[in-house]
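Here is what Swiss-Prot records for this protein:
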- 3-23: transmembrane segment (TRANSMEM)
- 54-74: transmembrane segment (TRANSMEM)
- 84-104: transmembrane segment (TRANSMEM)
- 114-134: transmembrane segment (TRANSMEM)
- 156-176: transmembrane segment (TRANSMEM)
- 187-207: transmembrane segment (TRANSMEM)
- 231-251: transmembrane segment (TRANSMEM)
- 255-275: transmembrane segment (TRANSMEM)
- 283-303: transmembrane segment (TRANSMEM)
- 330-350: transmembrane segment (TRANSMEM)
Amino acid sequence: MRQILFAAAIALTVSILLTPALIKFFAKQGFGQEIRVDGPASHQSKRGTPTMGGVAILIGMWAGYLGSHLIGIAYDAEGPSASALLVLGLATALGAVGFIDDFIKIRKGRNLGLTAAGKYLGQLTAAIVFGVLALQFRGENGLTPASRHLSYVRDITTVSMGVIVFLAFVSLVVVAWSNAVNLTDGLDGLAAGSMSLVLGGYVIITFWQYYHACATKPETGCYNVRDPLDLALVCAAGTAACIGFLWWNAAPAKIFMGDTGSLALGGLLAGLSITTRTELLMVVIGALFVAEAASVVLQVAVFRTTRNRLFKMAPFHHHFELSKWAETTVIIRFWLLAAMASAFGLGLFYSEYLSAVG
């Protein structure tokens, strides 16, 4: 428990102090956000706001995680684990893809960076490498960071995948979550605030899995998850890093996370869902991100079939803006939706445990 608090404290401190330094540096370098020309007119005033703030989130997460382990040496805590390093590595790899995308946008002075094919190639490469490595590193309890079963709150043993199908599934999960968070990052503080609520829920889930781990408590309802406590450190560091960044990203934003941050955070969710054996539960807890992505898919599908638009603009947070909701109203209400989804998901998680223990 102490390490979780240390991870959060360090990540929060690094993120909240590093972000203003990045604001000054990026502003000096002219690294400003380009705004989509077909977006809400009110967003044009945001043109030139420093972007790529996701760098602060990533550095904050790594600092919190590694710093908590350095402190843990004092009381003989276990060192970094394969599961946590793989999840952080996936987030960092996708953050690198986002950084390249952001940099191209800035250099070309337009809201178009990497081509769709180039972005998907980067996402798929990161996903496949993660998937391959996640089936390695068998721990003392015989568990690998990932399993080839589909999972809800724990593995669904009746649904097993071969290696190729598993890698395809991991690729789908990674691409879907990274793009979902990317689409949500369209209003000041929306993605960072929503992400802190989702990751906060996962701090509880991973700590519960640690407390009821089959490796230490082989009892009814225990969890077969490799390194749950270390994954809790990642979740705590991620939550705190997002909150620290949100201090400067809240409306009116002084900096945007850019694709650097949104792709990284989406990768973090994907990696956590796989390593904690909660792939289907993550859809519930991260329902806001799912809804944002679904709104884009529905908008395209309806337009192609009927030539009419389902929403005034997609992702659907823009629909509410164009319906005369103030930007801050949309943001706060969406945060509330994210909080409700996280709470509902935690309720499902706990109810499954109660059912398992009889």
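Keep in mind that glycine also has a Cβ here, set from the backbone N, Cα and C atoms.
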The transmembrane segment (156-176) and the transmembrane segment (255-275) contact flag, 3+ Cβ pairs under 8 angstroms: yes
Contact check, the transmembrane segment (114-134) vs the transmembrane segment (84-104), 3+ Cβ pairs under 8 Å, seq sep 6+: yes
Same-chain residue ranges lying at least 6 outside the transmembrane segment (231-251) that approach it to Cβ under 8 Å: 3-5, 7-17, 19-20, 23, 53, 56-58, 60-65, 68-69, 81, 83-84, 87-88, 187-189, 192-193, 195-196, 199-200, 202-203, 206-207, 209-210, 225, 257, 261, 265, 268, 272, 275-276, 327-328, 331
Residues of the parent chain within Cβ reach of the transmembrane segment (3-23), under 8 Å, 6 or more residues beyond its termini: 50, 52-53, 55-57, 59-61, 63-65, 67-69, 71-72, 77, 203, 207, 229, 232-234, 236-245, 247-249, 254-255
Residues from the same chain, set at least six apart from the ends of the transmembrane segment (84-104), whose C-beta lies under 8 A from its own: 31, 51-52, 54-55, 58, 61-62, 65, 113-114, 119, 122-123, 125-127, 129-130, 133-134, 145, 174, 178, 182, 227, 230-231, 233-234, 258-268, 270-272, 275
Residues of the parent chain within Cβ reach of the transmembrane segment (255-275), under 8 Å, 6 or more residues beyond its termini: 19, 22-23, 26, 33, 49-55, 57-58, 61, 83, 86-88, 90-95, 97-99, 101-102, 113, 123, 126-127, 130, 134, 145-146, 170, 173-174, 176-182, 184-185, 191-192, 195, 198-199, 202, 206, 225-227, 231, 234-235, 238, 242, 245, 248-249, 281-282, 286, 289
